[in-house]
């Protein structure tokens, strides 16, 4: 039935758009072979309306959608209709004789909404155009065949908790591919399918809004809302599509912190130092992030003195720590209150406050074995220098807080007194000197004294019994209080404490003053009387304030060559007196006496060397040598060079002479050696007793290499070898000349 209705609509639309063409006049000029003036005909244009075809229609046969007709066509069958353009011959076909146009297949408006075609009437026999071609349009008429879709879905949105009714959450948008200008196929209406009563949607715009007040994130944090879009204005028969919107409630600070319990109890050992964690408090806040940050504080002064509380790095928990040292013997428990407060408070939710909570805290101090406690945190003792070993310096005192009657033993840690300058009584902590102390060598001695509790003690006469446990045995030296007795026992290394003892060595006047440095100065021979030659400074190694004042005094009397003036500040000025010092070859040695003002006063003497020099006009030294005083004119440089050259020449001649003489002596010794050997080899005579001894030099026979040349005298039993008399005579005159130059005696002849 619906198909017939659509066919009827197409038929009516086609005939309502049929065109007409005017009747032809005699042939166009030059037609049919008849020359002559052409006869023109009057032509009227095609009159068209649009053709329509319903989309998605698919019948058993092609559907007629319209008809073309020309006034030239008189029904004789001589007119042929042609159709060209979009879809011609495939989608649309035309009956050449009648001009009926049919659609051959189903069309989709969403794919192509209209087709542009070209119609023309021609002569069937000659295909000569009877009318110019005319353009017309076939539109595809829309039907509701596309449901709405949400191209951006699914959606995610966030809205603060506790928002007012009507707060906008998000806007959703659906699209319908149908023709919005034809009917209601593309007219959409939005509704909420799931999510009521918490959210609503605007039916025209698709804006999602909150529908109820005071939605609490802590109760339900996330909602799934289903939104539907329906075309045809939402009426029955329309197509629809849906999407989901996930709505998350964001947190606001609408919940105050709350302690899960009203009383917290902690315990801490008394030896816990400052900063030790006592306990952790956690107030609960269901809010998130910055809305859950908390600050903790102690309300009562009793607890704030001994303890402190702070927030951890996450801003959630409160950390209770020790603020100052605790003492079980002094106080065994503390009670106070702690408050937790939100750091960020939203004024819009003050009505839900107050945003804080209070809890009570009780801290119990536990007793613990404590090391000995010294009477002072540090000790400062003094002792004069140069005191005999065994001099009392001071006393160190410590006690056992847990058991005041327990004995304490004292000792000095070796590394703090490497030179063993002090000793300590193990029983009473008395410190004495062990060596002579010198303040100038070391002023301060920093000792570390160890005080140890005795777990079990035993004097030898009491019958010492070793104790059990991780303890160490000890043996102390005989003390002055108990001579001849050694204290033995055991002590736990954990129950000991240390204290710093600073011993200051006091100064005594035991160092005589002296010059700060050796002074060797000069004065110009042209200096005026009273001129300052040198400032002499002194040094006293004793401590400032004891005997630091030093006085100086020089030679007195009218014959003094120099004047020493005491400046009364530990220095003196060496001045040239009114009578100038007479020039002399050697420097002046000025004696100076130094003494301090200590008790008893110490003195010393020193000497300052002063040379009288010749100075240039600008005051610089020209010469300070002794020969400058003896020969004012001096020698020239040429004369000095001549003297040095002459002395060098004489020295060279002497060396040459000694070398030649040694060479001759060696030659003579070789000849003597040969003669001796020859005498020994060829000697074949009977012994003559003493005569043989006198005939030969026994020393020469025993040591031929060191034999001296034969002396002049009577010959022996054999003839002596010829000696070097002639060469020595050749050098005689030269030797005598050298001897005369140096004042020596004439050398002996051969």
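Here the Cβ of each residue, glycine as well, is placed from N, Cα and C on the backbone.
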In TrEMBL, which of 434-453, 454-473, 474-493 is tagged region 'Disordered'?
474-493
Taking 674-701, 702-729 as the choices, which stretch does TrEMBL tie to region 'Disordered'?
702-729
Segment-level pLDDT (mean, integer) for the domain 'Cadherin' (70-150):
85
Using DSSP, what is the helix/strand/coil residue split across the domain 'Cadherin' (515-628)?
2 helix, 52 strand, 60 coil
